[in-house]
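Features as listed in Swiss-Prot:
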- R298: active site (ACT_SITE)
- H230, D232, H288: Fe cation binding site (BINDING)
- R298: 2-oxoglutarate binding site (BINDING)
- 18-34: compositional bias 'Basic and acidic residues' (COMPBIAS)
- 207-309: domain 'Fe2OG dioxygenase' (DOMAIN)
- N215: N-linked glycosylation site (CARBOHYD)
- 1-34: region 'Disordered' (REGION)
- 66-319: topological domain 'Lumenal' (TOPO_DOM)
- 43-65: transmembrane segment (TRANSMEM)
Amino acid sequence: MAPQRRAATKAPEGNGAAERRNRSSTKKDRAPREVQRLWQRPWLRTAGLGAGFVLTALLLWSSLGADDGVAEVLARRGEVVAGRFIEVPCSEDYDSHRRFEGCTPRKCGRGVTDVVITREEAERIRSVAEKGLSLGGSDGGASILDLHSGALSVGKHFVNLYRYFGDKIQNIFSEEDFRLYREVRQKVQLTIAEAFGISASSLHLTKPTFFSRINSTEARTAHDEYWHAHVDKVTYGSFDYTSLLYLSNYLEDFGGGRFMFMEEGANKTVEPRAGRVSFFTSGSENLHRVEKVHWGTRYAITIAFSCNPDHGIEDPAFP
């Protein structure tokens, strides 16, 4: 029950008090009339309505909690996923490429696991990315490091870090870094082969396979615009199976930056977690995008595989 207020004793009003009350009343009467006149101005009325629509849109966006409206979470950051796989119908993308029996996808889908790469391995492989990216970095929000080709984001361009830095690279990386990289790749390759019922030896590491570091800095070039929806098989013809190993944690290390499978009705999202592996067939059945990162820094490594040995690349070697 609300506490009762004791009524204040009113003092008798003199002429001065009455005049002050009349002036105050006049000001109050004038204020609504001034507001009314302002709203009668077309430009201000339009601006006010526009602000109302913007506010409504922002509230709706906040309530949905996703860039693309309705979304279902395939894997939450806080859960440990032993193994989750969803089969989806294969697209026709693979028909326009040379087929390899026992490898080219006939069973398509997407999977997530948190038990293939340990958190400790994820921390160690992230340190490899941090060491390499410390040599450069994009002016925009997305930087890449490709240990295979040597590509490194520097400003608005890319350099070959092996040629650009020469022997100094041996003071940045170690043989252990490259051994760990190879072991992580092998574990991911075996996971994909098992999930899709194919031989691991039929999968060939392909390009581009690279580290990514994303923050909230405004894009400076098209390479920084990582958030557009795309199909890997269309963007990179060599891709048959795509995987992502996350090296940082959603809502701990960064905000936004969730991975989204684009579907009619409801997108399927994967919330990054250090050590989490997300993998999928690379055709149009898995159209996807990444949310813009709103704060913090998101680290991941994209590891791609092809069924075509002509598109294969070797593991990077310590220089």
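Cβ coordinates are placed from backbone N, Cα and C, and glycine is handled just like the others.
Annotated features taken from Swiss-Prot, shown on the structure.
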residue: N215; record: N-linked glycosylation site; Cβ contacts under 8 Å, 6 or more apart: G141, F254, V293, G296, T297, R298
residue: H230; record: Fe cation binding site; Cβ contacts under 8 Å, 6 or more apart: L287, H288, R289
residue: D232; record: Fe cation binding site; Cβ contacts under 8 Å, 6 or more apart: F239, T242, S282, G283, N286, A304
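Look at H288 (Fe cation binding site): DSSP puts it in a strand. Over all protein chains present, the Cβ of R298 (active site) has 27 other Cβ atoms lying within 10 Å.
Annotated Fe cation site H230, D232, H288; additional same-chain residues within 8 Å of its Cβ mean position, judged by their own Cβ, are A229, V231, V234, T235, T242, S282, N286, L287, R289. Summed and averaged per residue, pLDDT over the topological domain 'Lumenal' (66-319) gives 97. Assigned with DSSP, the residues of the domain 'Fe2OG dioxygenase' (207-309) fall into helix, strand and coil as follows: 11 helix, 47 strand, 45 coil. The number of other Cβ atoms within 10 Å of the Cβ belonging to H288 (Fe cation binding site), over all protein chains shown, comes to 22.
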